[in-house]
Amino acid sequence: APVTDVQFGPMRLHQDQLQVLLVFAEEDDQSSGFRWACDKAGFRCNIARTPQSALECFLDKHHDIIIIDHRHSRYFDAEALCRSIRTTKASENTVIICVVQRHTDREESSILPLISAGFTRRYVENSSRMACYNELIQLEFGQVQAQFKLRACNSLFTALEKSQEAIEITSEDHVIQYVNPAFERMMGYQIGELIEKELTEVPINEKKADFLDTINSCIKIGKEWQGMYYAKKKNGDSIQQNVKILPVIGQGGKIRHYVSISRLCNDNNKVEKTCECIQAESQTDTQTCRHKDMRKGSLDVRSTTSRGSDGSSQRRRSSMARVHSMTIEAPITKVINIINAAQESSPMPVAEALDRALEILRTTELYSPQLGTKDEDPHTSDLVGGLMTDGLRRLSGNEYILSAKQTHQVAGSLSSPISLNDIPPRITQAMENEEQWDFDIFELEAATHKRPLVYLGLKIFARFGICEFLNCSESTLRSWLQVIEANYHSSNSYHNSTHSADVLHATAYFLSKERVKQTLDPIDEVAALIAATVHDVDHPGRTNSFLCNAGSELAILYNDTAVLESHHAALAFQLTTRDGKCNIFKNMERNEYRTLRQVIIDMVLATEMTKHFEHVNKFVNSINKPLAALEENGNNGDGESIKTVLRSPENRILIKRMLIKCADISNPCRPREQCIEWAGRISEEYFAQTDEERRQGLPVVMPVFDRNTCSIPKSQLSFIDYFIIDMFDAWDAFADLPNLMEHLNNNIKYWKGLDGRNLRVLRPPP
C-alpha cells in the first residue's frame, strides 16, 4: 500500500505502511485468511505462535494492528496476553482485535470482559478472505486512523509542556482540565490542585463581575478575547497578565473547550506564538477517559502491617519494614516510592493516573542495580566484580578451553542405579528429616560417598509426585538423576552435586510453604525441582568473569553473556533428551513440555548474579508491597485481591525466580556448622581461581580471595550485607521463614565475632 497523508486540523500527518501482528498458535483457515488480506491490502504482516514471541515481536516492531486468536484457550490465554501488551507504553495507540468462536446455539455473550482486558473490538470467526480483507480496511480507515491522529497529540502536548506562556484549558462548563508547567510556576499551584476544579473554586481571578461578563459574552459566541487581566496567585499575591482566551469548536460544532494563554506584563514574548498548538485537546478527551485506570485504591507502601497480631505477625511486620528500608535500591524503586508518597495528597483522578503509571513501571524492563556506596569495601567490590560482571577484556593470549568438546557422562556409561526401596539403611537414616530446614546435607554426602543428589532426588521427587506428573517410570527418573549427578564435577570444592542437592532441598522446603503453595501450579513445582537439580550441571568451578577473560569456548559460544547459566540449561536438556533411558520428558504432551522447558530455562537463568538486584527489586515492588498494602488496608481476608497479586502470570514468574535464587545462595541461612562448611568450600574455590588467574596471566577478578591474605569472615559479611539480607527479608515477608532469619542473624553475629578479633579463618582457635 502506498504511504498516505492524513489531515489532522492544521497538521498534515505522514502515515507509513501499516503493520499487522497475527497471534495464532496454529495455522488454520482463519489465520490464512488474515494473512491473505494483509498481502492484498499491502500491510506488513508478522505471525507469532506463543504469547512470549508475540510480546517480543510487538516490542520490536510496534504494530498498528494486533489480531489475537481467542478461540482455543488450551494454547494460551488471549486476555492475559492482551493485558500484558497493554502494560507497555508502545501499545497506547495500538488496535487489538480478538477473534472469537461463532456460536449459533447459544445467547450472545457480553463483550465487556474483552474490553476490560484491553481489546479494541472483537471479530467473530469468519475465514472468508474478503471478510478478513474488509475487516482490515474498516480498521485502517476507522480505529487505526483515529489512533494515528491521537499519536500526533504527543507532539502537541510536548509543545504545551515546553511553552514559556502559561496555558490553561477548561471545558465548556469552565472546569479546569489542563495547565502546563509555566502556568504552575506563574500561579504557584500544582496541577493536582487544579484539575477538575471549576474556575469559581480556585481563587485565580479577581472577582470583577462586569469585567468577567464582558469576557464571557465575547468567548461564548466563538470569538477570542485578549487584554490585561488581574489574577491572584496561590499565596494571595496579585499579578497583572496579558491574557488571550480562545474558544475551541469540537463535536457537533459547539464550543467544547476554552484555552487561556497568559504571560506576565513584563514579558516581551508575543502571545500569538502558541495559539495554533491548542486544538488537539478536544480530540484527546475520549482517549484519556477510555484508558483511565479503573482501580480506586492507591497504595501506601511506606508503612506496612501484617496478617495478625501474634508474634509471627510482629516478626513479619519487622521483616516488611526492612523490605521498605532496603539500602540497595534501583532508581526505579525510588521512583515508585516517590509516586506512592505523592498519591496520599492527590485528588482521585491523579491517584488513578499514578496507579496506572505504577502498574506500567512494575511490569516493564526498567530495573537496574544501583550500587551505592557499599562498593567502597574491597570485599564487596571484588564480589560484585566477580559475580555481577562478564569479565574484563582478555589481556592474555592464553585460552581456557572448557566443555565445548568435553565428553559428558551419558546413561549408557553409568552403572544401573538402585531403587528407592533398596537404599542402604545409613543413607535412609541420613535422609530421615529431609523435610526440615535443619537437614544436614553433609551427613548425606558422607553416607553416599559424594553422591547425595541421586538419593535425595529420588526421595523428594517421589514426595512431590514428579513421576506421575511426567508420566515416566521410576527407573527413568533414577537414570536421569544419575546422569545429571555424574556431570557435576566432584573435584570442585563448592559447585559439585552436594551443592545441587542442597539447592534441591531448599527448593522443596520453599515449595512446602503455604504462601508458595497458594501461588504455584503443579507444573511450576515440577519445573522448580528439575531446575534446582540441573542449575549448576558441569560447572567448572570458575566464575563467568574468569571464562570471559580466558576466552573460553563457552564464553565465545554464549557471547560472554550468562555463559555458565546458559550452558547449565542447554546441557541439562541435551543430556536428558539424547537417550530414552533417562529422558524423563519423553511421554509428555508437546505443548506441556514446551511450557515446562521454558519455566526450567527461566529459573536456571535467574541464578545468574548480574540481574540479582533486578529480580529482587521487581519482587519487592510487584509482590511484597502490593500484598502489604492489601494487609494494611484491612483486606487480608480478601482472598480474591491477594489471589490477583499472587496468580498473575508475570508475578508467578517473579516468585519462581526469587525461589530458586534464595535456594541457590541460602548457605548463610543454614545452621551454623553448615554455614561455616559452605563458607570454607566457596572460599577454596575462589582461592583456586585466583591461583589459576595468576598462573595464566589473566586479570584477577577477585583479588581479596588470595589464600594467603583473605579474611573469610569479612568476605562472608560483605556477601551477606550486599546480596543476602535484602533478598531474604523480602522472601521471608512473602513465605514466612522465621527459622531461616534466626540462623542468618546468628551467623552474622558469628562472623562479626571472628572479624572483631581480627581472625581471618573459619573457626576461632581452640
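Note that Cβ sites are derived from N, Cα and C of the backbone, with glycine treated the same way.
Residues annotated as domain 'PAS' in TrEMBL: 152-222. The region 'Disordered' annotation in TrEMBL covers 282-323. Residues or ranges marked as compositional bias 'Basic and acidic residues' by TrEMBL: 288-299. Taken from TrEMBL, the feature compositional bias 'Low complexity' covers 302-312. Look at TrEMBL and you will find 419-758 tagged as domain 'PDEase'. Annotation comment: TrEMBL describes H495, N496, S497, T498, H499, D536, D664, Q716 as AMP binding site. Annotation source TrEMBL lists Zn(2+) 1 binding site at H499, H535, D536, D664. Summarising the annotation, TrEMBL assigns Zn(2+) 2 binding site to D536.
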Averaging pLDDT over all residues of the domain 'PAS' (152-222) gives 76
Spacing of the two Cα atoms, H495 (AMP binding site) and H535 (Zn(2+) 1 binding site), in whole angstrom, works out to 10
Long-range Cβ list for D536 (AMP binding site), cut-off under 8 Å, min separation 6+ in sequence, same chain only, gives Y488, H495, H499, S500, V503, L564, H568, T607
